[in-house]
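So the structure is just underneath, and the comments pick up after that.
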Amino acid sequence: MFKITCLFLALAGFLFSCQPQTQTEEITSDSTSLAVEEGVRMIPIQTPKGEFKVWTKRIGDNPTMKVLLLHGGPGMTHEQYGNFQDYFPQENIEFILYDQLGSYYSDQPDDSTLWTIERFVDEVEQVRIALGLNKDNFFLFGQSWGGMLAMEYALKHQQNLKGLVISNMMASLDDYEKYAKEVLGPQMPEAVFAELMEIEKNNDFENPRYMELLAEHHYPFHVLRKPMDEWPESPAKTIEHVNPNVYVYMQGYSEFGITPGATLKGWNVKPNLKNITVPTLVIGSTHDTMDPKHMEWISKEVKNGRFLLCPNGSHFSQYDDPEHFFPGLIGFVKDVDSGKF
């Protein structure tokens, strides 16, 4: 089991040292604590290690357009989608926020055997059934790790989907690592990138310099294109609330690839994309941590794809390029629903 890294705590501390503090009550699986929040439902999930509950919140009501949002991480939260409420309700698109097992608002079992792609896919299927989603109304949206999970779900259960959205995620983590180290890294000052690579080479991720350099030279350019003390509360909260046990076990510590030993190392579904036949939107961003050309390629590999480029966006393109992100996303959902796609 990986030790818990202090990097997330350091990043959260940096973000919130410059923001007004508000009290956030942790939501547990105690149904009495949830009754006051409209639309919230704790869904029981069966796993090889017993039953647990995951947090969901339904916003809106549309019989033919229901979008289930898969957050990133692994181990982050639905809070990365905080600004969706400023766009979807006005278009009469129902959406469901959802914290995957292990995330802040859901149960957090201390058992690393649960952190597998296959089990998360099964979890999404159980959530779908509980929410009554089907091929006549079910749009699955995944961003970053959520995009990986959405691709894996589609490859196993696409008969249940009306539409699929893969946002800011490549189909191969080896390709992602190559892009990060050969394209993004060299955009930094040479000495900065060299120091980061030396820290990674020495596995010295507890070194505070690692986060200091990323906070100045990486996150404000490729994760959300604003100075970090100006990040909106929602994406800042999703980082503050990350479960490092899940994140580090599956992804590792590195921001330039997957740490050796992490369970996602070598993940690749490129050969299988041709088997995805449902209407699919792939969203890429010019300044993303992920290669936008690779994401355009994904849109051509699937049988029924469309590509949306956010030219001003980065990894959280819903925040730094909403002018392109939301019209493109909403247009896709409505085109599929109306039969125009």
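From the backbone N, Cα and C atoms, a Cβ is placed for every residue, glycine too.
Caution: TrEMBL annotation is automatic and unverified by curators.
Features reported for this protein in TrEMBL:
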SIGNAL    1-22  signal peptide
DOMAIN    67-322  domain 'AB hydrolase-1'
ACT_SITE  Ser144  active site, nucleophile
ACT_SITE  Asp288  active site
ACT_SITE  His315  active site, proton donor
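Predicted-model confidence for the domain 'AB hydrolase-1' (67-322) is 97, expressed as mean pLDDT.
The CA atom of Ser144 (active site, nucleophile) is located 8 Å away from the CA atom of His315 (active site, proton donor).
There are 26 other Cβ atoms within 10 Å of the Cβ belonging to the residue listed as 'active site'. When the Cα atoms are compared, Asp288 (active site) and His315 (active site, proton donor) turn out to be 5 Å apart.
Around the Cβ of Ser144 (active site, nucleophile), a 10 Å sphere holds 23 further Cβ atoms from the protein chains shown. Just so you know, the Cβ of His315 (active site, proton donor) picks up 24 other Cβ atoms within 10 Å once every protein chain is counted.
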